Amino acid sequence: MEGQSTALVWILNRTAEELNTSLKYNLSGLSQNSEKHQSYIIGLFLSCLYTILLFPIGFIGNILILVVNLNHREKMTIPDLYFVNLAVADLILVADSLIEVFNLSEKYYDYAVLCTFMSLFLQINMYSSIFFLTWMSFDRYVALASSMSSSPLRTMQHAKVSCGLIWMASILATLFPFTIVQTQHRGEVHFCFANVFEIQWLEVTIGFLVPFSIIGLCYSLIVRILMKAQKHRGLWPRRQKALRMIVVVVLVFFICWLPENVFISIQLLQGTANPSRRTASALWHDYPLTGHIVNLAAFSNSCLNP
């Protein structure tokens, strides 16, 4: 009788433990689902704000730049030509941003072909936008340093060649690494170009660190030239306005692109320390809301470019 009582007590205790474990598991699952749902709602709200406030500025603004300049081709200057090419790259990025900003559950990343195509398309236009912005910074410095038209390098023909080379560099900077990693990962069903560790290092380096360094250097030299113009009081008010514009351009580029590149860099450093986390999408899955916010900030640059 005593043995049966002991067995019954053991069974009851075991059942209670299993119920507690099951309850904790269910509560944990509910808590995780609640957090995911909350992140999804916040992300959707931010996407709607982007679509209502920034998307129209970027989409309509870049179209207006194209319409105005292409309708007056005979009066187009070298800076205008660069603005037209920058507007094309930004317009494509802004249009594509509507797919990205509402891809909250990252469904298309589950399909290797679609994920790779979207990544290639985005990266080419991202590089072209950043490269044109960087080249325009250099061109502005050359224009001020060489008294505009006196420079033999600043001709419309050279500007057209520069635009062609920038587009070519953007395509090569994307397709050349893609060809290499595609060969290395041939036969992998779930391989996606966006998830390659080395590609992300390349993106941070030539897509942010190098361009920002060049932009910062060019504009610091421009500021020196403009400060010297203070001696000529008649030119200073106009150049003071240009100085403000320079500060805005650098700040917009830095503020928009820094969060995403810091986010990617954290992932890359984690992957360096722990090879098991060497996937570019791991941090986005761990912190989806943060990843969504930094993506929105990066797309905002194409809406706010001068």
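Yeah, the Cβs are placed from backbone N, Cα and C, and that goes for glycine too.
Annotated features in TrEMBL:
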TRANSMEM  40-69  transmembrane segment
DOMAIN    61-306  domain 'G-protein coupled receptors family 1 profile'
TRANSMEM  81-99  transmembrane segment
TRANSMEM  111-138  transmembrane segment
TRANSMEM  159-181  transmembrane segment
TRANSMEM  201-222  transmembrane segment
TRANSMEM  242-260  transmembrane segment
Chain residues outside the transmembrane segment (81-99) and at least six past its termini with a C-beta under 8 angstroms from it: 50-51, 55, 58-59, 62-63, 65-66, 69-70, 118, 121-122, 125-126, 128-129, 132-133, 135-136, 139, 156, 159-160, 163, 166-167, 299, 302-303, 305
Proximity of the transmembrane segment (111-138) to the transmembrane segment (40-69), 3+ C-beta pairs under 8 angstroms: no
Cβ-Cβ under 8 Å with the transmembrane segment (201-222): same-chain residues at least 6 beyond its ends: 123, 126-127, 130-131, 133-134, 137-138, 140-141, 144-145, 173, 177, 246, 249-250, 253-254, 257-258, 261, 264-265, 268
Averaged pLDDT, computed only over the residues in the domain 'G-protein coupled receptors family 1 profile' (61-306): 79
